[in-house]
């Protein structure tokens, strides 16, 4: 399964266009524009599985900086500041990684 099986390619493209400039990425806004905020918890878990590059069950900081590239190969890498802000917003237990529940959290924000 791919992200375009769950999300509209045009919504993904619009979300990526919105955050092209360095330090312009907002997880909340990206989730809204891409349509992720409208998906069910089970669909978000599937998206999480696709985004979890090493299939560890978590998205760590090293994976998170490539978040946008998981949606489109040519997308930019998140800046250090964006990565840290995203991680802080979704890492509820402070272990330095995001579980599926962290991604689901943005649905309700």
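FYI, residue positions are counted from 1 along the chain as it appears here.
Cβ from N, Cα, C; glycine included.
A TrEMBL annotation is a machine prediction, not a hand-curated record.
Record features (TrEMBL):
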DOMAIN    39-74  domain 'EF-hand'
BINDING   52, 54, 56, 58, 63  Ca(2+) 1 binding site
BINDING   91, 93, 95, 97  Ca(2+) 2 binding site
Residue 91 (Ca(2+) 2 binding site) and residue 58 (Ca(2+) 1 binding site), distance between Cα atoms, whole Å: 10
All-chain count of other Cβ atoms within 10 Å of residue 63 (Ca(2+) 1 binding site): 18
Residue 54 (Ca(2+) 1 binding site), number of other Cβ atoms within 10 Å: 10
Separation of alpha carbons, residue 52 (Ca(2+) 1 binding site) and residue 97 (Ca(2+) 2 binding site) (Å): 11
Cβ neighbour count within 10 Å of residue 95 (Ca(2+) 2 binding site): 10
Neighbours of 91, 93, 95, 97 excl. site residues, C-beta within 8 Å of centre, Ca(2+) 2: 58, 92, 94, 96, 98, 99, 102
Cα-proximity to residue 52 (Ca(2+) 1 binding site), 10 Å cut-off, over binding-site residues 91, 93, 95: none
